[in-house]
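Peer 1: Below is one structure. I have some questions about it.
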Amino acid sequence: MAPSGSRSIKRSCQTVLYWIPVLFINLIVAWSYYAYVVQLCIESINNVGEKIVYLLAYHVIFILFTWAYWQTIFTKPMNPLKEFHLSHSDKEMLEREDRGESQQEVLRRMAKDLPIYTRTMSGAIRFCDRCQLVKPDRCHHCSVCDKCILKMDHHCPWVNNCVGFSNYKFFMLFLAYSLLYCLFITATDLQYFIKFWTVGGKTHDRLLEYLNGLPDTQAKFHIMFLFFAASMFSVSLASLFVYHCWLVFKNRSTLEAVRAPAFRHGADKNGFSLGLSKNFRQVFGDEMRYWLLPVFSSLGDGCSFPTCLVNQDPEQPTSPGHQPPPNKPVVGEGHQFPAKPLRESQSRLLNRAPSWTENGGAENKERQGTSNPAMVIENET
C-alpha cells in the first residue's frame, strides 16, 4: 500500500506542476485584457470612434485566440485503435517466448493487414512495448502522457497536452491568433507608449499639460508593460509560427523534422509530402469556411497516411482490387483500412478526401518481394 500511495502522491504533484505553465499563460492573458480594455481603451483613449473600433477589433481577435487555445488544451489526443493492439493470445506468446523469431512472426502477422509502411531505423516493425501495440505510421509514445499519440508532433507544456493529429490544426490557429493578438496590441498601444516615454524629458510645469492623454500613473505603467510584453511575445510567436507553417507545407511533424521517418527503402524526410496544397489541406481540410475556425476539419483518420513514394512495400497487398479477408479489422464506424498501399504519384493521391482510400481503377499488378528482412522489437519514446 505504501508504494502505491507514494506513486499516487507523486502523480498528483506532477499533475499540479504540469498545469503551472497553463495557469501562467491564463494570468498573462487576463491581465492583458484588463490593461488593454480598461486602462488603455476606456481610461486613456478620448476619441470615442477610435475607442469603439479598437474594442470591437480586439474582442474579435481575443475570442478567436482564446477559442483556439482552449481547443488545443482540452482536445484529447487520439490513440491507436484496438486493431493495432496485441490480442490476449499474442501477448501470451510474446511473454512466453524469447525475443526471437516467434515474436517477430507475431508482429509480422499483425502488421500485414494494417496500413503500416514506416519502420524503425533498423528496418523492424515499430512496436511499443509499454502500450503493447504496433505503432501506426507517424505515431509515437509520449513519455509525459504515457501513451501512444497519433501523428504526434510534440508535447507542449504551455497547453499541458500532446499536439498531434486531433489538435494540430487548433495548435496552428492558436499560434496564428496569439501572434495576431500581440501584434494588434503592439500596433494600437504604440502611440500611447511613445507619449509615456516622451514625457520623461519634460519639465515639471509642462508635464501636467502634456499628460492629458494619459490620465493617471496606473494607466501609464499598464500601457508601458503591455507594450513590452506584447512586443516580446510577438517575436517568439512569430518564429514558432513560421517554423510550424514550414512543417505544414512540408507535411512533417516536429519529430519527423528531427529524425526522418524510415521506410522499407530507408529514411525519407519527404516521404509524406504530397505538394503544398495537399499538405495544407491534410491539416486544415478541404472546406475553406472552416480553415480559420478552431473546429476539427483535418483529413484522414490519424492511423494511415498517403505517401509520395513509388516503391511498393512487398509486405503489403499490391493489387488495387485486393479485398481484405472477412475478418479484416475495421476502423471506426464503417471505415476500412486502405486495401492497398497509397504509393502513387501526387496527382493520384488524396483524390477522395477525407477517407485517404483508393478504390476502383485498373492498374497493373506490381511484383511482390521475395524475402523479408529480420524484424526486432524496438521501443521509441
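For all residues, glycine too, the Cβ spot is worked out from N, Cα and C.
So TrEMBL lists these for the protein:
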TRANSMEM  16-36  transmembrane segment
TRANSMEM  52-70  transmembrane segment
DOMAIN    126-258  domain 'Palmitoyltransferase DHHC'
TRANSMEM  170-194  transmembrane segment
TRANSMEM  221-249  transmembrane segment
REGION    310-381  region 'Disordered'
COMPBIAS  310-321  compositional bias 'Polar residues'
Peer 1: Mean pLDDT over the domain 'Palmitoyltransferase DHHC' (126-258): what is the value?
Peer 2: 88
Peer 1: Given a Cβ distance threshold of under 8 angstroms, which distant residues of the chain, six or more beyond its ends, lie next to the transmembrane segment (170-194)?
Peer 2: 32, 36, 40, 44-45, 54, 57-58, 61-62, 64-65, 68-69, 71-72, 75, 153, 156, 159, 163, 213-214, 223-224, 226-227, 230-231, 233-234, 237-238, 240-241, 244-245, 248, 283-284, 292-294, 296
Peer 1: Do any residues of this chain, six or more beyond the ends of the transmembrane segment (221-249), have a C-beta under 8 angstroms from a C-beta of it, and if so which?
Peer 2: 28, 32, 34-36, 39-40, 44, 153, 171-172, 175-176, 178-179, 182-183, 185-186, 189-190, 192-193, 196-197, 214, 257, 276, 279-280, 283
Peer 1: Helix, strand, coil residue numbers for the domain 'Palmitoyltransferase DHHC' (126-258) per DSSP?
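Peer 2: Result for the domain 'Palmitoyltransferase DHHC' (126-258), in helix, strand, coil order: 83 helix, 17 strand, 33 coil.
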